[in-house]
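Swiss-Prot lists 1-25 with the feature region 'Disordered'. Here Swiss-Prot flags 43-63, 90-110, 122-142, 171-191, 214-234, 259-279, 292-312, 316-336, 360-380, 399-419, 434-454, 477-497 as transmembrane segment. Swiss-Prot lists H87, H400 with the feature Fe(II)-heme a binding site, giving a curator's inference as the kind of evidence. As annotated by Swiss-Prot, Cu cation binding site applies to H265, Y269, H314, H315, with the evidence given as a curator's inference. Residues or ranges marked as heme a3 binding site in Swiss-Prot: H398.
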Amino acid sequence: MTAVAPRVDGHVAPQRPEPTGHARKGSKAWLMMTTTDHKQLGIMYIIMSFSFFFLGGLMALLIRAELFTPGLQFLSNEQFNQLFTMHGTVMLLLYGTPIVWGFANYVLPLQIGAPDVAFPRLNAFGFWITTVGGVAMLAGFLTPGGAADFGWTMYSPLSDSIHSPGIGSDMWIIGVGATGIGSVASAINMLTTILCLRAPGMTMFRMPVFTWNIFVTSVLALLIFPLLLAAALGVLYDRKLGGHIYDPANGGSILWQHLFWFFGHPEVYVLALPFFGIISEIIPVFSRKPMFGYIGLVFATLSIGALSMAVWAHHMFVTGAVLLPFFSFMTFLISVPTGVKFFNWVGTMWKGHITWETPMIWAVGFMSTFLFGGLTGIMLASPPLDFHLSDSYFLIAHFHYTLFGTVVFASCAGVYFWFPKMTGRMMDERLGKIHFWLTFVGFHGTFMVQHWLGNMGMPRRYADYLDSDGFTTLNQISTIFSFLLGLSVIPFVWNVFKSWRYGELVTVDDPWGYGNSLEWATSCPPPRHNFTSLPRIRSERPAFELHYPHMIERMRREAHVGEHDLRAETTQSPTPAEVR
């Protein structure tokens, strides 16, 4: 890897891009608060998300410390309840979801050749309302009764005013609604940008895989976040006005579970699909090959999006109120398109010239971790096994293998991959690999043993256990490795700060040398409206064709460009140079 990629066409490497137009005046803080630039907002989303991630991780360390040994009890039961409630909320709604929009904001307009997103002010509104919602939820810790303590799933009757009377619970519900509004705003923006602002020649089946994944994610977000907002307002109505919507006497507890999980399981794919897209961008670059099975990968993404709306009730097997065969079958079925994605990723790496830069290491770490989480998910799709393992630490381990394995590993891969594009500087490879191995070892040491804890019968959300239960040794192993996992953020944060200021300067469009999509056809960082000129888009690899024009004919001979692109080539109007 070099920050100055080799060129074969006599091209002179450009210097850092000069600012275009007049610089805006005012303090940096004011400019940040009033910006509508999608690139700045994307970076702000990513910084905000990782800030909440660090807070959520601190809560997790307190939870693990409490469980180190029986009878420790340095936290009260009430404090423990508040911590696991806020930990789950922060990680899902304040880290996992906003960082999706962070990468989408920065990368997606570049990948489709757009000068900005469709609605810049709506974009800024989505960011700030999400941030305010997150602060409101966390401010519950400062109220007399403390933060929300009914679990991040907000099950009734735990969430009613009798069992959770504090104002912190009300602030949590309002914060959830605010983050939902922010996600809807971002989803509208991304959909409109993709449908209306693609560059000439950028057909739907020439879009990068990451853009396709954001497209499907945005559709899912528009379907589920309004439901979450309406359902959460119903809880607030019950608490403040005595609505009895979720009163257990009226079947309200089961109603809430249906409403919540109809949001909750597609939300898992809102968190997963964009990061599948990030991995699909990274693997071809460091395998030195085009994506194997591009069309199949796109249709696998569409299939996952469709099937994700039909599996919510597998979270409710133990209620006895759902049709077990249907939801079990649909859960097994959704693993098929996910398996197709793995087949395509492995096929892309197969016989490629793989180089192990930091983004590629994180991508392979994602694949191994998520694969294990997916296999345990197949186990839980079987109702008899689910009856035994439900609400145990086996479920906690599965959930973290799928979501931590997806969101954290792939978001770190994305940061290392696109950091040169965002800042014009390279990150430190040695620190990046230290960060990876601390995270990989710490994560697997923390959560692997929790499968056995769950199978032995340890329930989730318990603040203590008996020495005679036999859980002590495995809990101590899990806690020790959790602190190793916590330490992994230190080299990451230092790497970001150091590289932002002192990293190796990038003077070419594509510092990795083999980028495929359009973001690698503009400077690092890009100018205000992204491009000073656009290359001709003749396939799903326009940047690669720009940098390696002598490879175009060979790629067509080897069928690395689909038939739809060849047909489009024959029907395109000739350029002025071709006419002359």
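Placement of Cβ uses the backbone N, Cα and C atoms for every residue, glycine included.
Packing against the transmembrane segment (214-234) from elsewhere in the chain are residues 100, 104, 108, 154, 173, 176-177, 180-181, 183-184, 186-188, 190-191, 194, 207, 243, 245-246, 256, 259-260, 262-263, 266-267, 269-270, 273-274, 277, 301-302, 304-305, 308-309: each is 6 or more residues past its ends and has a CB under 8 Å from a CB in it.
Taking the Cβ of the residue listed as 'heme a3 binding site' as centre and 10 Å as the limit, one finds 24 other Cβ atoms among all the protein chains shown. The largest share of C-beta pairs under 8 angstroms with the transmembrane segment (477-497) comes from 43-63, of the ranges 43-63, 90-110, 292-312, 316-336. The transmembrane segment (90-110) shares more Cβ pairs under 8 Å with 43-63 than with any other stretch in the list 43-63, 292-312, 316-336.
Between H87 (Fe(II)-heme a binding site) and H265 (Cu cation binding site), the C-alpha separation comes to 18 Å. Excluding the listed site residues H265, Y269, H314, H315, the same chain places W261, G264, P266, V268, S308, V311, W312, T331 with Cβ atoms within 8 Å of the centre of the Cu cation site Cβ atoms. A contact links the transmembrane segment (399-419) to the transmembrane segment (259-279), because at least 3 Cβ pairs that are 6 or more residues apart lie under 8 A. The list of residues near the transmembrane segment (292-312) in space but at least 6 beyond its ends in sequence, with Cβ under 8 angstroms from a Cβ of it, reads 205, 209, 212-213, 216-217, 219-220, 223, 258, 261-262, 264-266, 268-269, 273, 276-277, 280, 327, 330-331, 333-334, 336-338, 340-341, 343-344, 347-348, 350, 540, 562. Residues 32, 35, 75, 80, 83-84, 86-87, 90-91, 94-96, 98-99, 101-103, 105-106, 127, 130-131, 134, 138, 408, 411, 415, 422, 482-483, 485-486, 489 of the same chain sit 6 or more residues outside the transmembrane segment (43-63) yet have a Cβ under 8 Å from a Cβ within it. Using a 10 Å Cβ-Cβ cutoff, H265 (Cu cation binding site) registers 21 neighbours. Cβ neighbour count for Y269 (Cu cation binding site) (all protein chains, 10 Å cutoff from its Cβ): 25. Between the candidate binding-site residues, H315, H400, the densest Cβ environment within 10 Å is the one around H315. Cβ neighbour count for H87 (Fe(II)-heme a binding site) (all protein chains, 10 Å cutoff from its Cβ): 20. Within 10 Å of the C-beta of H314 (Cu cation binding site) there are 23 other C-beta atoms, taking all protein chains into account.
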